[in-house]
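Chemist: Please find one structure pasted underneath; my questions will follow.
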């Protein structure tokens, strides 16, 4: 009897994995929308790739792999071949990260193309989006195995520039998400203050606004101390000063009376969040400056105080990379878990709130202990755009894990000004986007920006 019950349980799990219903996760989250479950599972595939990349970057894994005589010879010699033209060096360091992230990006790019113009769950392709997870996992594994057989050649350099462009775009998406988060936060606390008639909510908004600006000022001071030097590091001084000036300007514009009249929910909380994020991007950019005098993250390799960049054989993680990875994880979850209550953000991110008619269906789903399909009359998010965001996320995490270092001609990682300029330009573009959200209702009064 026990064997029969076990077999039935296995068959049930198999039907969940191979069918069109996300049963396993729904069992853990019985009142979850079908669309949310699917996004979480796709995001888990991305995080699985990130975990594999982190493991392959670990120095301990590298040293243990080279100790196996049937895998690799001594690192000073030519590596052995594993069952075909696979260089075992591709299993290590930044080369493994490039290939793993190439696989995840290709996986999501395939689904981005496949899901173009899906309008509702009645489309047959919606069943593929929301189910068949076992086969999706097999596809991802197959692409990953194939990626590790890609010969080095010019692949790392070409893929580096793909990563630069994708990461630039994902930085802008992160800023949009921060704007939306701060907007929702500000709006809800103001509503609480009006409902409860309590000044504590206003005090909370003031405290966090003050805290974010205080952290931003501290970041500016620390960047001037550690990333600039008297008579040198002119680029760093200009970048810090310009971004500080731009942040002050957008903060002032956010509280102008005309802007407040057009957008009553705009305020210093959103501006403080954008200021703090801009300072982080600036810090991250300065950590890639290829000059040891202006970048304390670069170790000195010789007695002259100069850094021999070609001596870099491994990639280390600095503080900006760790913070960037945490922000990446939070923003990716943010994309997966919710739709915005801000119409402009919904339009830009191709999402929408759950329709009112879904409330009754949700209540029935909770009582029945199951997930419910909230996309019969129309999808709540663009499938293609969601996968496009995950493609950009794959490229961004690739650059984050490799510290934005460019692969050199001798299979080393080198720091370049390209990474610095891309991040600085991304910070400027992000500030411009935020500024546009403030002044657009004034410049285009005939359009609805509510």
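Just so you know, glycine gets a Cβ as well, placed from its N, Cα and C.
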Chemist: Labelled transmembrane segment by Swiss-Prot, one stretch among 68-90, 160-182. Can you tell me which?
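Modeler: Here Swiss-Prot associates transmembrane segment with the stretch 160-182.
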Chemist: Between 203-225, 341-363, which stretch does Swiss-Prot give the note transmembrane segment?
Modeler: 203-225
Chemist: Tell me which range among 288-310, 380-402 Swiss-Prot lists as transmembrane segment.
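Modeler: Based on what Swiss-Prot states, transmembrane segment spans 380-402.
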Chemist: Give me the stretch from 96-118, 160-182, 238-257, 264-286, 380-402 with the greatest number of Cβ pairs under 8 Å to the transmembrane segment (40-57).
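Modeler: Comparing 96-118, 160-182, 238-257, 264-286, 380-402: 96-118 has the most Cβ pairs near the transmembrane segment (40-57).
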Chemist: Examine the transmembrane segment (203-225) against the transmembrane segment (264-286) and state whether at least 3 Cβ pairs sit under 8 A, considering only residue pairs 6 or more apart.
Modeler: yes
Chemist: To the transmembrane segment (380-402), which of 96-118, 160-182, 238-257, 315-337 is linked by the most Cβ pairs under 8 Å?
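Modeler: Most Cβ pairs under 8 Å with the transmembrane segment (380-402) come from 96-118.
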